[in-house]
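A.B. asks: Take a look at what Swiss-Prot says about it:
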type    : residues                   : note
BINDING : His2                       : Ni(2+) binding site
BINDING : Cys73, Cys76, Cys89, Cys92 : Zn(2+) binding site
Amino acid sequence: MHEMALCEGIIGIVEEEARKRAFAKVNVVCLEIGALSHVAPEALQFCFEAVAARTIAQGAKLEIVETPGTAWCMACSKSVEIKQRYEPCPSCGGYQLQVTGGEEMRVRELEVD
């Protein structure tokens with residue numbers, strides 16, 4: 001379960017921001033997760049509670065905003081939305097797709113006291 005390691009990284013980012021900006025408590029952590037990132041949101045929610053315990057983020061709500069996968073189709077020269085890798089272009093049916101978005105995971109916003 002790599003979600004545990006991802007949550008440890010998220011808490012590391014939150015704690016670093018707390019040191020830089022001198023806030024005492026995190027109420028909400030908002031993440032942006034791409035549809036092609038291979039991250040299971042349910043598992044991330046579960047792991048976040050465990051990793052956040054006894055940190056500045058203890059009790060914080062984890063909000064997840066899922067972003068779509070996008071790709072450039074070399075066959076029809078269109079930017080298209082895809083749900084998973086290796087599926088055909090929804091516009092022309094071709095398989096010459098280059099992923100352009102949806103692989104990322106980032107801390108989008110923190111609500112703090």
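Even glycines carry a Cβ here, placed using N, Cα and C.
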A.B. asks: Using the centroid of the Cβ atoms of Cys73, Cys76, Cys89, Cys92 as reference, list every other same-chain residue with Cβ within 8 Å of it (recorded Zn(2+) site), in sequence order.
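C.D. replies: Here the non-site neighbours turn out to be Met74, Ala75, Ser77, Lys78, Val80, Pro90, Ser91, Gly93, Gly94, Gln96, Leu97.
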A.B. asks: Sort out for me which one of Cys76, Cys89, Cys92 has the most neighbouring CB atoms within 10 A, since those are the binding-site residues we care about.
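C.D. replies: Answer returned by the neighbour count: Cys89.
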A.B. asks: Give me the count of other Cβ atoms within 10 A of the Cβ belonging to Cys73 (Zn(2+) binding site).
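C.D. replies: I get 21 for this one.
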A.B. asks: Let me know how many other Cβ atoms fall within 10 Å of the Cβ of His2 (Ni(2+) binding site).
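C.D. replies: So the Cβ neighbour count for His2 (Ni(2+) binding site) comes to 12.
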A.B. asks: What's the CA-CA gap between the residue listed as 'Ni(2+) binding site' and Cys92 (Zn(2+) binding site) in angstrom, rounded?
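C.D. replies: About 35 Å separates the two Cα atoms.
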A.B. asks: Quick check: in three-state DSSP terms, what is Cys73 (Zn(2+) binding site)?
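C.D. replies: For Cys73 (Zn(2+) binding site) - judged by DSSP and reduced to three states - the answer is strand.
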A.B. asks: For Cys92 (Zn(2+) binding site), just give me the three-state DSSP call.
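C.D. replies: Once the DSSP labels are grouped into three classes, Cys92 (Zn(2+) binding site) ends up as coil.
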